[in-house]
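Swiss-Prot has this to say about the protein:
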type: COMPBIAS; residues: 282-293; note: compositional bias 'Polar residues'
type: COMPBIAS; residues: 443-454; note: compositional bias 'Polar residues'
type: DOMAIN; residues: 352-415; note: domain 'bZIP'
type: MOD_RES; residues: THR52; note: phosphothreonine
type: MOD_RES; residues: THR69; note: phosphothreonine
type: MOD_RES; residues: THR71; note: phosphothreonine
type: MOD_RES; residues: SER90; note: phosphoserine
type: MOD_RES; residues: SER112; note: phosphoserine
type: MOD_RES; residues: SER121; note: phosphoserine
type: MOD_RES; residues: SER328; note: phosphoserine
type: MOD_RES; residues: LYS357; note: N6-acetyllysine
type: MOD_RES; residues: LYS374; note: N6-acetyllysine
type: MOD_RES; residues: SER442; note: phosphoserine
type: MOD_RES; residues: SER490; note: phosphoserine
type: MOD_RES; residues: SER498; note: phosphoserine
type: REGION; residues: 354-374; note: region 'Basic motif'
Amino acid sequence: MKFKLHVNSARQYKDLWNMSDDKPFLCTAPGCGQRFTNEDHLAVHKHKHEMTLKFGPARNDSVIVADQTPTPTRFLKNCEEVGLFNELASPFENEFKKASEDDIKKMPLDLSPLATPIIRSKIEEPSVVETTHQDSPLPHPESTTSDEKEVPLAQTAQPTSAIVRPASLQVPNVLLTSSDSSVIIQQAVPSPTSSTVITQAPSSNRPIVPVPGPFPLLLHLPNGQTMPVAIPASITSSNVHVPAAVPLVRPVTMVPSVPGIPGPSSPQPVQSEAKMRLKAALTQQHPPVTNGDTVKGHGSGLVRTQSEESRPQSLQQPATSTTETPASPAHTTPQTQSTSGRRRRAANEDPDEKRRKFLERNRAAASRCRQKRKVWVQSLEKKAEDLSSLNGQLQSEVTLLRNEVAQLKQLLLAHKDCPVTAMQKKSGYHTADKDDSSEDISVPSSPHTEAIQHSSVSTSNGVSSTSKAEAVATSVLTQMADQSTEPALSQIVMAPSSQSQPSGS
């Protein structure tokens, strides 16, 4: 029994030794004891170990995995979250703000040369001033329009609410009306900005008394501070005009902002360049009234004041300023109203609507491009068909001409032993051309007769006669091509034969 165990162990040891000799390369991975004959096999095996998937712990069925498939909708949503569709801020906005602040800081606060309008002595009701703002191309952070102030009068106890905007350093003209008593104060300055303030008061024929004291104002600075400014009440070199009647019921005027003085901030956001171009085109199509023009209606009392010079391309507000009575609605311009409505709609569009319109325009452009390409391809196909038909006609014509040439060659070869050729050989008409085997064709000047002269080389073999016949056939074809427009072929007469035939007879 012990002997058998010893033999078995010896055999196993021998097998292991032989195996280790045959496959000396052992895999060092944990749990794997495979051996390989060469190092390449071992490297491939180790690579399999490295590429083995490592699964984590078993997941429960209750766990819901969020779908992260990158669909177009999710892509657009991510773009919106990141802010790719937001309009970029203008790089010059901060510079404009800084420049306006610097101009405000450098502006002198002594406004003594300024003049103030004349206010009536006794007023039954407070005067009301309605102003609408017209944007300037420059961004203005705050408003410098002063609050309503109580103006001390000489013989009155009721206040007057007035809104005054310092647009320049002078008030050149003051227009006063006695009938229907409307005070129109219009600033017409040569600077590129102008301002108009229309003040309405009830009917009164009281005398006009200037304000004895200074006119107080509050100037709002961009940093939030409020600074009181005193303006003297004396008016220097002002022209006072008293027309017959200028009825004004609801005056509305535009108060454009002045460069260097921040005006009322625009309620609308900064618009994109495309919107600005669109609005510029609309403004050019409907040009507004020029600055300083006051149109007075004969029966309706329509007054329009426009300050267009203040902004060459102000694109965020309607361009016209109209003051009219309710009794004259026919003077309103529907074209201007529709233009302003379109601008408001363009300003209030949401990004989804913009994107939808953009996609619609892209689809329309793509369809137009496809239609143009289709028309172009159809024209090319038609041209190719025409060229192929023309090519077929030319090929058929070439085939007919080749058949005709072959028939004529056969006819000439059949008449190679003609007695006319024999007579020509005997006469020795072309003795000089025997060496070069050439041919000469002589056409008489007579319109009714043609003479075809053949030249041949008198050789003993038949090969030379065959080549001679082919040369003669070529010459005849050339002759026929030259005289295809002439009448039917006339009698063929050889020049030497006409002289040698009587002698032979």
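Using N, Cα and C of the backbone, Cβ positions are placed for all residues, glycine too.
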Closest of THR69, THR71, SER90, LYS357 to LYS374 (N6-acetyllysine), Cα positions, modified residues only: LYS357
Among THR69, THR71, SER90, the one of these modified residues whose Cβ has the fewest neighbouring Cβ atoms within 10 Å: THR69
Coarse DSSP state, helix versus strand versus coil, of SER90 (phosphoserine): coil
Assigned conformation of THR69 (phosphothreonine) - DSSP reduced to three states: coil
Local Cβ density at LYS357 (N6-acetyllysine) - other Cβ atoms counted within 10 Å: 11
Per-state residue totals over the domain 'bZIP' (352-415) - DSSP helix, strand, coil: 63 helix, 0 strand, 1 coil
Other CB atoms, at most 10 A from the CB of LYS374 (N6-acetyllysine): 10
Nearest of the modified residues (THR69, THR71, SER90) to LYS357 (N6-acetyllysine), judged by Cα-Cα distance: THR71
Distance, THR71 (phosphothreonine) to SER90 (phosphoserine) (CA atoms, angstrom): 32
